[in-house]
Amino acid sequence: MASLIYRQLLTNSYSVDLHDEIEQIGSEKTQNVTVNPGPFAQTRYAPVNWGHGEINDSTTVEPILDGPYQPTTFTPPIDYWILINSNTNGVVYESTNNSDFWTAVVAVEPHVNPVDRQYTVFGENKQFNVRNDSDKWKFLEMFRSSSQNEFYNRRTLTSHTKLVGILKYGGRIWTFHGETPRATTDSSNTANLNDISIIVHSEFYIIPRSQESKCNEYINNGLPPIQNTRNVVPLSLSSRSIQYKRAQVNEDITISKTSLWKEMQYNSDIIIRFKFGNSIVKLGGLGYKWSEISFKAANYQYNYLRDGEQVTAHTTCSVNGVNNFSYNGGSLPTDFSVSRYEVIKENSYVYVDYWDDSKAFRNMVYVRSLAANLNSVKCTGGSYNFSLPVGAWPVMNGGAVSLHFAGVTLSTQFTDFVSLNSLRFRFSLTVDEPSFSILRTRTVNLYGLPAANPNNGNEYYEISGRFSLISLVPTNDDYQTPIMNSVTVRQDLERQLTDLREEFNSLSQEIAMSQLIDLALLPLDMFSMFSGIKSTIDLTKSMATSVMKKFRKSKLATSISEMTNSLSDAASSASRSVSIRSNISTISNLTNVSNDVSNVTNSLNDISTQTSTISKKLRLREMITQTEGMSFDDISAAVLKTKIDMSTQIGKNTLPDIVTEASEKFIPKRSYRILKDDEVMEINTEGKVFAYKIDTLNEVPFDVNKFAELVTNSPVISAIIDFKTLKNLNDNYGITRIEALNLIKSNPNVLRNFINQNNPIIRNRIEQLILQCKL
């Protein structure tokens, strides 16, 4: 029977090729490596607390005293004081709008008697009479309102700081006058304030009007001492100008930089290619029924050109929020039906995880300001033929949805060997023409994209667009930040096993019971068990070796060597002892033997606490004394074989773990029985024991002494149809003594007859056992 595979594994699991041992030792070898951090490192170890480095925010901090700037000609901004630091006599500045405002300020040194001096203002030679009888400098504001008029002295500033100010604000020109340290402001009217420009002949500063009190302080008391050192060098005014630059489609921009970290903005155009994955599962039987048509994640790798450079990209497409439909053509075995098929519609989402080999994805750990803009794409379904044995084939055809970009987040893609930090693009859906239908059925004019043929023969769907993100990366491009989701080979294997476990568990509903019992009666060996995997004979042999190497460490294999001694010890304990014996390593844990049969009920409470150990011992006992009846391991092995054949993810690396886990975890709730004359003694893993008569199925007291004696001499039988199911079957349908005996012995032919008759009680029991075959 099918459980032969487990007995073969128990027998051969200790024979392992030397090559496999050497390979295992090599993979487990470790080596200490000392890395020279280089001359610029301050420590050999990575920082315990990773800092974010310099952070740019949206707040602009405007300096109070901006400058000094070199002499120049420009149009001063409105609301800003121009503070001019005069260092010699002569013209300090000239300002005009060439319409109604001309003014020039000339500096006169202390102790100057009245004298006529020549000045060049606005390209003209002018003679002004000046005088200064104070100890401070005088700044004469010469003004005219027309190019035809002569200049006259409108205001005078007497200053020891040699600072002059001019401001454009409120439709007027403001300047300082009076004597420091009590100089004040005054203004002049003009009809054209915006066009007023200035020619500055000395170093100057720029101060916002919001800081006018500071400007007043500087005029009256002088600049801060630091501004009067030789280390302050005036710059060109052009250095103050902000260069507004729009980011290009494909550009890497350094935003900020510190000694260890820098912020990089990556702007890239991308081409996203993806395809849908699907799974179509056909039910067993005559071939007219399908179990499931569903979407599944699909990977796609491709190359494309970006600005003349070839890019290697990897995408994973998955769906969320699917809608479940079904079609049932009738109750007859030859009526076409689909138990469940998935359709994506307006309430669904499509996720596409994208990665490429550009620098943007190299250190994608600390990311902000993530944005994207993508085009839409229409996905149209194709045709799928339901190949029936006889008659015209139904055809699922059509269906369409349009994908619209709805957001982007960070994600992780898993390949066979590595994990990739990726961008997950989320798409919302709208249904589109054409509708889909199943030809030759009543299913017509439905909208959405069914999972039967979502790619419609296309290798991929394509979306173009661009994304932008700011990533915190090491300043030295030779370093990489630790990828939080990077995995070792073993961790990746765990991920594969997790996916495979989920797939295995989901396949339980797709196993046909009639085929399962037929498969359970076959003598499955290594080759037939693994032949469902697409591989060569050599690979199957290698798989068998790998399975045996893994299986020898299983709980089942390590328990087999102790079984015989345990059973012998249990028998002697039951026959000799009149007091409680507790030995965890032996089957004496079965009972608390008592000479007083009336105390059997009390002893059952102790039995219930030890059934986990009991079931393991009885399982091993059953495997050695196999009867003609079907066992739990026959069903377990048959389900394992069926799921291996159905699985799309099974492989050489995952098969050993799956087979070993199946031997330990499939059907955890088991019942075993021992048959003696017309009495049956049964025990299950839930802590319950039963003793009953075959003829009437009426319970009798459970004799622990008798059970302990029989367990070493009588065959142990898997209670495929347990006592509760037998009782239910007899109460509702009535069964003969022969039928009851065959069900107690787990006769496969009788089980098959009940299932073929669609007996709901037997069918439900077998279905529950299949559903217990989970990892």
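Glycine is no exception: its Cβ is also placed from the backbone N, Cα and C atoms.
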Legend entry - Swiss-Prot annotation (coiled coil) - matching range among 35-62, 203-230, 455-482, 483-510: 483-510
Legend entry - Residues of the parent chain within Cβ reach of the region 'Hydrophobic' (388-408), under 8 Å, 6 or more residues beyond its termini: 286-288, 293, 334, 336, 341, 343-345, 348-350, 370-382, 423-441, 446-450, 452-453, 461, 463, 465, 467
Legend entry - Distant-in-sequence Cβ neighbours of CYS317 (disulfide bond), under 8 Å, six or more positions away: PHE274, LYS275, PHE276, GLY277, ALA297, ALA298, TYR300, VAL350, TYR351, VAL352, ASP353
Legend entry - Average pLDDT across the region 'Spike head' (65-223), rounded to a whole number: 87
Inset, instruction - Give the residue counts of the region 'Hydrophobic' (388-408) per reduced DSSP state, in the order helix, strand, coil. - result: 0 helix, 13 strand, 8 coil
Inset, instruction - For CYS379 (disulfide bond), just count the other CB atoms lying within 10 A of its CB, please. - result: 23
